[in-house]
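Q: Below you'll find the structure I mean.
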Amino acid sequence: MPWLQLRINVTPEQAPAVESAALAAGAQAVTLEDNADQPIFEPALGETPLWSDTRITALFEADISTDETWQKVQNHYGEELPHHHWHVLEDKDWEREWIKNYHPIQCGPHFWICPSWLSPPDPNAINLLLDPGLAFGTGTHPTTFMCLEWLAQQDVKNLELIDYGCGSGILGIAGLLMGANSAVGVDIDPQALLATQENAVRNGLAKEAFPVFMPQRAPKEPVDMVLANILAGPLVELAPALIALVKSGGKICLSGVLGTQRTSIISAYEHAIEFTEVREKDEWICLAGIKK
């Protein structure tokens with residue numbers, strides 16, 4: 001069935017209360033978006049990320065009365081809101097739409113990320129199979145692509161790896177398929193840990209070949225290589241822990257970082273890491289280095 005979208009432009013101060021009002025009025029989901037092509041950087045811990053001009057989009061079932069629902073939103077908010085728009089959102093099988101547009105991605109001369117329902121373009125290459133129903137990282141985002149591209153250029157045979165913030169497990173699985181001796185996945189999201197292990201099995205790996213942990217239970221023993229594709233804020237906060245996980249002479253690859261955030265990352269790591277490479281794609285960067 002189709003859905004109705006209610007779009008309201010608000011200030012950052014109004015956004016939390018308007019979001020609550022929309023949910024109280026029966027919205028099935030509410031999202032906050034930049035309404036001015038303005039990039040958003042990570043807020044301080046405990047803060048809500050908001051732009052100076054924020055669009056709230058609330059999703060309602062199609063059989064509601066738009067006039068009555070809008071009145072409910074305003075009543076819950078407690079005062080009159082600015083101009084709003086209603087839009088009809090045609091129902092689609094969104095996973096099918098995503099599948100239609102997801103194609104194999106080449107991340108190195110002999111390394112591909114392939115949808116699990118398609119035949120690999122190069123059967124003789126290393127082909128990592130992913131399923132969109134479980135994918136927290138698919139290789140399509142610049143940060144994931146740059147990490148994979150870097151990893152494909154490393155000799156990882158017999159190395160021990162940690163994929164910190166593993167998501168779909170794409171980086172750790174790639175390392176294992178390239179010959180790493182072992183990999184460990186770490187993530188704060190239990191669903192990501194499940195996705196990682198199911199994707200490992202999909203690629204012919206036993207679950208025990210890629211054990212996964214919440215951060216507080218993760219092994220602390222240093223390894224040969226740490227891969228962390230998260231965000232700049234957490235990377236800075238986790239710098240002491242991530243540095244401690246790398247053996248002396250081992251390698252670290254960091255991404256999820258905007259070009260404008262390069263200095264903060266380097267400042268947090270340069271006392272212990274000699275950065276040897278910075279990759280750039282769109283507005284994102286990937287930094288790799290060696291532990292001193």
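Please read every residue number as a count from 1 along the shown chain.
Cβ atoms are placed via backbone N, Cα and C, with glycine included.
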Q: Pick from Asn75, Asn124, Asn229: which one does Swiss-Prot list with Thr144, Gly165, Asp187 for the same S-adenosyl-L-methionine site?
A: Asn229
Q: Suppose we draw a 10 Å sphere around the Cβ of Thr144 (S-adenosyl-L-methionine binding site). How many other Cβ atoms does it contain, all chains included?
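A: Counting Cβ neighbours of Thr144 (S-adenosyl-L-methionine binding site) within 10 Å gives 26.
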Q: What count of other C-beta atoms do you get within 10 angstroms of the C-beta of Asp187 (S-adenosyl-L-methionine binding site), across all chains shown?
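A: Cβ-Cβ neighbours of Asp187 (S-adenosyl-L-methionine binding site) within 10 Å number 25.
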